[in-house]
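Student: I have a structure I would like to understand better, so I am pasting it below and will then ask my questions one at a time.
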Amino acid sequence: MALRDKKNPTIIHSFRYALEGIWYAFKNERNFRIHTAAVIVVLVMAKIFALSVMKISILIIVIGIVLALELMNTAIECVVDLASPDYHPLAKIAKDTASGAVFIFSIVAVIIGVLFFIPPILRLVL
C-alpha cells in the first residue's frame, strides 16, 4: 500500500481530516471565530436586503477565500512553531506575511461588503 493510501484510505477520511482542521481553527483561533461570525452577519444581511444571485455568489466566493486564508495562516503558524520553537527573525517573517495575506483579503472583503450593502441600507434609511 502506498504512503498516500495509508494517509487517506477513503474520501471519507479525507473529509474528516479537513473538518478536524476547520474545527481546530474554530476552537483555537480567535480570528477564525470572528470571521465566522462575520459570515453569519453578511449572509443574514444578504437575505434581508434580497441581494441578487450574482452578488450572493460573489459574497460566497469572498467568504470562502477569507476563511481558507485563515486556515492557511493557522497551518503556517503551526508549522513554523514546530520547525522553530524559539524566536527566529525568519519565523516571524513567515508568520507575519501569512497574517498579512489574510489582512489584505479581509480588507478586500470589507470593501466588497460596503459596495454591496451601503446602497440598500441608504435606501432603507433615506
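From the backbone N, Cα and C atoms, a Cβ is placed for every residue, glycine too.
A TrEMBL annotation is a machine prediction, not a hand-curated record.
The annotation active site, proton acceptor is assigned in TrEMBL to E70. What TrEMBL records for Y17, E29, E77, K95, D96 is ATP binding site. Annotated divalent metal cation binding site per TrEMBL: E29, E77, in sequence order. Positions annotated as substrate binding site by TrEMBL: E70, S99. Summarising the annotation, TrEMBL assigns transmembrane segment to 32-50, 56-80, 101-122.
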Student: Please report the distance from the Cα of E77 (ATP binding site) to the Cα of S99 (substrate binding site), rounded to the nearest angstrom.
Tutor: 9
Student: Got a sec? Which of these binding-site residues, E77, D96, has the most Cβ atoms within 10 Å?
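Tutor: Most Cβ neighbours within 10 Å: E77.
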Student: Relative to the Cβ position of Y17 (ATP binding site), how many further Cβ atoms are located within 10 Å?
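Tutor: I count 12 other Cβ atoms within 10 Å of it.
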